[in-house]
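Copied from TrEMBL, the annotated features are:
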type	residues	note
REGION	1-23	region 'Disordered'
COMPBIAS	1-10	compositional bias 'Polar residues'
DOMAIN	3-88	domain 'Flagellin N-terminal'
Amino acid sequence: VRQLSKTSGMVSEAMGRLSSGKRVNTAADDAAGLAIISNLDRQITGTQQAIRNSNEGISLVEVMDSALEEVNSLYQRARQLAVYSANE
């Protein structure tokens with residue numbers, strides 16, 4: 001009976017792993033593995049935030065570039081008008 005109970009527990013544990021798709025579901029499965037997984041999860045989260053920050057920075061630079069192009073265009077037009085006025 002004890003062996004049957006032990007086997008049943010092992011089957012339940014295996015089914016839990018299969019259904020979750022994870023090798024480590026709890027610290028009891030593999031405490032060191034869980035610590036490594038937790039560390040990697042934190043690193044992934046940090047990297048994802050860095051990517052979002054970089055994308056926001058790129059967007060800001062693109063907006064600034066567009067604004068500078070507009071300022072340059074206005075400057076060129078003012079210069080043309082000044083040259084035109086000087087020649088009149």
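Every residue, even glycine, has its Cβ placed from backbone N, Cα and C.
Note: TrEMBL annotation is automatic and uncurated.
Across the domain 'Flagellin N-terminal' (3-88), mean pLDDT in this model comes to 87.
Residue counts for the compositional bias 'Polar residues' (1-10) under DSSP, helix first, then strand, then coil, are 9 helix, 0 strand, 1 coil.
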